Amino acid sequence: MTHSCRLSVAPMLDWTDRHCRYFHRLMTKETLLYTEMVTTGAIIHGKGDFLAYNEEEHPLALQLGGSNPEDLAKCAKLAQERGYDEINLNVGCPSDRVQNGRFGACLMAEPQLVADCVAAMKEVVDVPVTVKTRIGIDDQDSYEFLTDFVSIVSEKGGCEQFTIHARKAWLSGLSPKENREIPPLDYPRAYQLKQDFSHLTIAINGGVKSLEEAKVHLQHLDGVMIGREAYQSPYLLASVDQELFGSNAPVKKRSEIVEEMYPYIEAQLAKGAYLGHITRHMLGLFQNMPGARQWRRHISENAHKPGSGLEVLQDALAKIPKELNV
């Protein structure tokens, strides 16, 4: 399957799990979805299936965390066999836990190793192997530092697509959350990168809050990755196909999306899933609408109760004024 990076939803730890992705996919057929970051160690040695997903989630990219080329190649091969549409290497996450495993943003300082990792994966898979990174780390935040990284990883590793989180990462002193908010955004640097590496596919990530903003970035770049906004106000995804991909399909109402989740939820509950693990991703669906607070509160107070099922969502939906027709 060919897919476009024109719009994607960022890999977000503890957020973009398979329930979240199924929900997002009901709103947009075209948006590229990413898994949460999965470490090579979890896939190779962990108990449980870390590569499971729903067929409906395509186009779907697996984000890997690791720095051992052999392990990454092994995981990439498994992922391709399971049907993933893209393999993405995390060179952007700044958390201590990640650095201790020698992957994430600290790898920006080792571009040759990143190139080796990408090359090892490309050797064993046919799907695209991409890199998500930052504009710099700590005091290594010159434009030359970024261009050296991209040059080496693209020329020696064969990477043709980069998603640039337009902030640098502080590897010590800031939490991952602070690293998403405190370092200033520098979109022009990503635009410049695209001009200087016009043969590469370059997407941007960081601080994008609307499709209008995405359209502005798309005048300069190949793709836009939306993170927290797509999670906290997911309904923005409902008009992506029409606004960015030229679809003529009608935009779904919020209530339709809720009702389309019912069969999935019933099937998951029958397999022993816990309702709250699914509905937590839906809390922001009515963001900024009358009744939104009551919707959120009803789900939050009831989804965790033993034996709770669809009636929780049905009752929550009844809190949204009918005359809104949403």
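Note: Cβ is positioned from N, Cα and C throughout, glycine not excepted.
The record from Swiss-Prot ties Pro11, Met12, Leu13, Gln63, Lys132, Asn205, Gly206, Gly207, Gly227, Arg228 to FMN, and of the options His45, His165, His277, His281 it ties His165 to that site too. In the three-state DSSP classification, Lys132 (FMN binding site) falls within a strand.
Using Lys132 (FMN binding site) as the reference Cα, a 10 A cut-off selects Asn90, Cys93 from the recorded positions Asn90, Cys93, Lys177, Arg180, Arg293, Arg296.
Counting every protein chain shown, the number of other Cβ atoms lying within 10 Å of the Cβ of Gly207 (FMN binding site) is 18. With all protein chains in the displayed structure included, the most crowded Cβ environment within 10 Å among the recorded positions Lys177, Arg228, Arg296 is that of Arg296. Counting in whole angstrom, Asn90 (site 'Interacts with tRNA') lies 9 from Pro11 (FMN binding site) by their C-alpha atoms. Comparing the Cα of Arg228 (FMN binding site) with the Cα of every entry in Cys93, Arg180, Arg293, Arg296, these being the recorded positions, the smallest distance points to Arg180.
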